[in-house]
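Note sheet for the following structure.
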């Protein structure tokens, strides 16, 4: 489960940003195309924050839906996989414009 190491990295990023202050809440953005399972991150969060500035912090996850832009006709549409064709023209030259995110969106500290 790579979500454990991802969650450990998120906690490290939060601690650096908190500059020694206690972390009360963390909001993450996780894209549907990122390959990260939000439920697994939630499961790992408590274990990864034990003994850190984020121990006891609340975790909220904002899921970012996948969106693609057709390279042929410029239509922007929802995508669930990297191989979705354009619904307008059927082309497969789609550029992902949203849904790959994995970032700390907000951090609440004391």
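Using N, Cα and C of the backbone, Cβ positions are placed for all residues, glycine too.
Some features that Swiss-Prot has for this protein:
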BINDING   2  Ni(2+) binding site
BINDING   70, 73, 86, 89  Zn(2+) binding site
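Structural mapping of features recorded in Swiss-Prot.
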| residue | record | DSSP class |
| --- | --- | --- |
| 2 | Ni(2+) binding site | coil |
| 70 | Zn(2+) binding site | strand |
| 86 | Zn(2+) binding site | coil |
Cα separation, the residue listed as 'Ni(2+) binding site' to residue 70 (Zn(2+) binding site) (Å, whole number): 31
Write out, in the order they occur in the sequence, the residues of the chain not among 70, 73, 86, 89 that have a C-beta within 8 Å of the mean position of the C-beta atoms of the recorded Zn(2+) site. 71, 72, 74, 75, 87, 88, 90, 91, 94
If one measures from the C-alpha of residue 89 (Zn(2+) binding site) to the C-alpha of residue 2 (Ni(2+) binding site), what distance in angstrom results, rounded to a whole number? 37
For residue 86 (Zn(2+) binding site), what is the tally of other C-beta atoms lying within 10 angstroms of its C-beta? 21
Which residues does residue 2 (Ni(2+) binding site) neighbour through Cβ under 8 Å, counting only same-chain ones at least six apart? 36
For a quick check of understanding: among the binding-site residues 70, 73, which residue's Cβ has the most other Cβ atoms within 10 Å? 70
